[in-house]
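Enquirer: Not my notes, these are from TrEMBL:
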| type | residues | note |
| --- | --- | --- |
| BINDING | 34, 35, 36, 37, 38, 39, 40, 41 | ATP binding site |
| DOMAIN | 13-339 | domain 'UvrD-like helicase ATP-binding' |
| DOMAIN | 346-670 | domain 'UvrD-like helicase C-terminal' |
C-alpha cells in the first residue's frame, strides 16, 4: 500500500533512537536484546505495523509468538493501535488473519486447520487434568507400576510413591517433547470410543530409543501408551501440541510447504526461554534463506531452564546473526517502568550474572522522566537476622498499611496523564518458593490488609481451602492424610502449620481438620454459623455412604440444608457417575459459604481461594467421567499433587480482587507492581539449595547427551537463581524492599548494591515509617485492559454477580453430562458448510445423506468425552437427524452459495480498552463483500440449553459478529440469522436480525456499557431480568448454593 512520509513519522513518533532503529531495521533476521520495562511490546507492535504499512505485507502473513496469553492480548491492543495509523482513512484497524499468541496455541490452531478431521475436537489439557488422566490409567493402561518398581530398585530406596513416579514420568515425557524427540507408533486400527481404549493404547510403541535399562524400558512403554491415551481422548497437553506439529510437518511435505508460503514474517518474544522444539518451529517458518524474523529477549530474564528453556539458543542466534549479512543484533535499553534508583540496583545486580556466549549485556537507562525517586527510603533492604520470619512479615504488613492506609487512599504514583493513589492490587510480596508464603499472608490478614495467594501449592496453606480439602477427602472415605515428613508442602505438614493438626495418619484427622479450620476462620472474622462443622462432617460422611451403596439414615438426611443433596442422599440406585464440582458446592452450602460472599476483605480473599480450589477440581472432571469407584482415588491424588506441585494459573481471571498479591517470582514474569517486597531472601531459600541438583531422568546413551541433565540445573555461580532475582527486582515501579530473617549470600550482595545505589539499609529495630509519601485517592491503573468474549459478557449482562463468582473469583460449574453435544453439532455443521455442494447433492436421497452424516460421526467429529452408552448413542442419532433436516431444508442455499465456517475474530470496542474474541459459526457469501451472518443454536427454540440466550441477547450477539465481519473480515453484513437446529416448527427455524447502522451502533454502546461496569467493578448486582420462562434466574443459577445475593432485586427495579 502507498504510505506517506507523514504517516511514517506518526508511526515512529515518540520513540527513542534505539526503538526507531528496531522498528525500521531492514535486517531480514533481527535479534533485539531488550531490558526489563524497555517497551519491547511497543517496539514489536510498531515493527509489525511498519511491515504492513511500509512494506505492504498482508496481515495474514505475519505471526507473532508470545510467552503467555496475557502478553498476546497486550500485543494485540498495541498492534491495532498502530495498524490504525498506517491504514487508509475509514479502514478498520483489524488484525485480519494475523496470529498473535502462544506457540502452543499456534500449534493447535495449525493442527486443526491443516488436519481438521483429526484435531478439530482436540483440546489442550492443563496440569491438573493430565495428572488426573494419568492417575486413571496408572496401572492397567499406562503400566506405570513397572516404572515405579524400576525406580525403587534402581535407587535402592525402600519406597517409591505413586506421586513421585507420576512426577518423574511427566517430567521426562515433557522433555522428550520439548527436545522434539518423541516418536510413537500407533495402532493402525481406528481410535476407539471412550471406555474401550486400553487394548488400542497398549499396542503403541515408542520409536525413540531411550535406553535399555529397566527404568528406560518401563518409561518407554508408559510414554507410548500415554501419547496414545491422549490421542484416544482427543487431548493434547502443552508439550505434545508443539512436537505433534513438527512431526506432522516433517512427514507431510505439502502441508509444510503451504504453511511456509503462508507465513513470511515472524516475531518471537521472550526468545531467551524457548526450548528446542519451539526453535524448530521457528526454523520451519523462517530459516537462513527464507522469511523475516524479529526475535526479542533478555538473557538476564531466562528463568525456565529447569523445565527445558535453553538460553544457549538465544546465544547461538546472536552469534549467527552477527555474522550474517542479512542479520543484525540491536539493543533496547531505556527502562520506562522503574525509578532511577531501582534501575541502578538492577544494573548493579546484572554485573553478577555471567553472560552466555558473546551476547551484550547493556545497562538499562532511565526512560520515564516523570517516574523519579521521592525518597531514598523507598528502595531499601532490611536485615531481620536473629529474628523470626514472622517479624519480617509483620514489618511488611505495616509497611503496606503505610502505602495504602485504608483502601481509600494510597501513595502517589505517576500515570501517563497525571497521578493516582495506588491500591492494594498494586502491591506484590514475592518469594522464591511457596513454602512459607502463608506467613506473609497471615501477617497481612492480621493487619486488616486484603491479600490473595497466587502461589500454586500455597493455596493449601489457607484455612478455608484446607477445610474443604478435608471435607472432600472425607466424602471419599478418607479421614487420614499421608505425606513426607521432610516436605513442608505435604498435606500433613500443612495441617500442622496452619491448623495445629498433628498425627495426620490417625483416624478422624479429616474431622479434626474441618473443626479446626472453622475455628481458625471464625477467629479471623469470617462468619461461621453454629453447627457448621457438624453439618459439613455429617454431609461428607453421608455422601461417602451413598457412594458405597449404603443407605443413609433418614435422621441424617433431614439435617441436611441443601435440598438437592437431601434428594441425592435419599436415593437407592447405584451411583455410577460422580460430579466432584457438585460435591464441593454441596459441602460449601452446608458450611454456610454464602455468608462469606460479601465485600468484607477477609471474606473476599476466602472466596477467591475457594474459587481457585473449584478451578482445580475441574481438572478431575475434564478427562471424562468420574466413576464412583474412582472418586476417592481422584480426590486423594488431586490433593497430593496440588499441595506440592500446583502452579498458579497464568492470568486466569478477567478482573482480580483489589488485594495484595503473595506469589512466587516465576509467576510474575512479564508483570509489574508499584510496590514490590522481595521477601525471605534467606540461606537455602534464595538461592535455592536445590537449584544445582541435576534431575533424575530415564534416558541413556545418545539421548542422555541430547537431553543433558546438567542443562536443567544451575551452575556454580548460581546464574539461574541470579536471573530470577533480577526478574524480582525489575518488577518494581516505585517502591522496592528486600528482606530476610536469615540472610543468604544474595542478601549480603544486595546490601552493598542497594547502599551503593543510594537506597536505605536498615535493621529490624529501626523505624518502619516511610518518609516522602503523599497520599492520593486510590485508583486502579488506567492502563488495565479487558479481554473477554461475548459468552463472558453475557454472564455480566444477565447477572453481574454471576460474572463476579465465575470470572473474578474463578468458581467453575459442574461439567454437564451433555457437555460436548453442542460442539459436536457445530463440528458437523462446519463439515457441511466446508463442502456445501456435496451435501446439497445428497438432499434428495435421505438414506445416503444419513449415511454420510454417520460417517462424519464415525470419524470422530462428534466426540462425547463425558457421555457413554445409550445417552451417547441418542445424542449421535439426534445429530444425524438435525444435520439431515438442515441439509434438506437449506439444500438450495447450499447448492448455490459459498460459506466460510467458524471464522474467528477479535473486536476492539471503540473508546474502551476492551477486546472481545469469538467465532462466527458461518459467514454466508451472498455477493461478497455483501454477506449474511449465521449463528446456530443446537436445540429447539423454546428448549435450547446450549446458550440459553433470549432474543435480545441473540440480537446483541449477532450484531457484535457483524462488527467483527466489518472490522476483521472486511465484509459488509446485511443481515443476521439465528438458526435453531432441531426446531420442528418450520416457521420458527430462524430468527432474523437486522444489521442496520442503528442496530449495530446500539449494540456497540451496550457492549461498551457492560465492559465499563466490569472495569468499575460493579459486581454486587443481582439478575437484571427474569429468565426466558419468566422465572427468577436465581432458582436455576450455577451458584445458587454459594451466592450471597440470593433472590436479589434486578437492576433498576
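Numbers run from 1 along the shown chain.
Placed from the backbone N, Cα and C atoms, the Cβ positions cover glycine too.
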Enquirer: Which residues, sitting 6 or more apart from residue 38 (ATP binding site) on the same chain, put a CB under 8 Å from its CB?
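Expert: Residue 38 (ATP binding site) has long-range Cβ partners 332, 333, 334, 335, 336, 364, 367.
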Enquirer: Determine which residues of this chain, when 34, 35, 36, 37, 38, 39, 40, 41 are set aside, have a Cβ within 8 Å of the centroid of the ATP site's Cβ atoms, and list them as they appear in the sequence.
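Expert: Near the ATP site, beyond 34, 35, 36, 37, 38, 39, 40, 41, sit 298, 332, 335, 336, 337.
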Enquirer: Among the binding-site residues listed here (34, 39, 40, 41), identify the one with the smallest other-Cβ count within 10 Å.
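Expert: Relative to the other binding-site residues in 34, 39, 40, 41, 41 has the fewest Cβ atoms within 10 Å.
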Enquirer: Around residue 35 (ATP binding site), how many other CB atoms lie within 10 A of its CB?
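Expert: Around the Cβ of residue 35 (ATP binding site), 27 other Cβ atoms lie within 10 Å.
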Enquirer: Helix, strand or coil for residue 39 (ATP binding site)? Use DSSP.
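Expert: Where residue 39 (ATP binding site) sits, the three-state DSSP reduction gives coil.
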Enquirer: Going along the chain, which residues six or more apart from residue 37 (ATP binding site) have their CB under 8 A from its CB?
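Expert: Result: 335, 336, 337, 338, 364, 367, 672, 730.
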Enquirer: Find the average pLDDT over the domain 'UvrD-like helicase ATP-binding' (13-339) in the predicted model and report it.
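Expert: Within the domain 'UvrD-like helicase ATP-binding' (13-339), the model's average pLDDT equals 89.
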Enquirer: Give me the long-range Cβ neighbours of residue 36 (ATP binding site): same chain, 6+ apart, Cβ under 8 Å, in sequence order.
Expert: 298, 300, 301, 335, 337, 338, 346, 364, 726, 727, 730
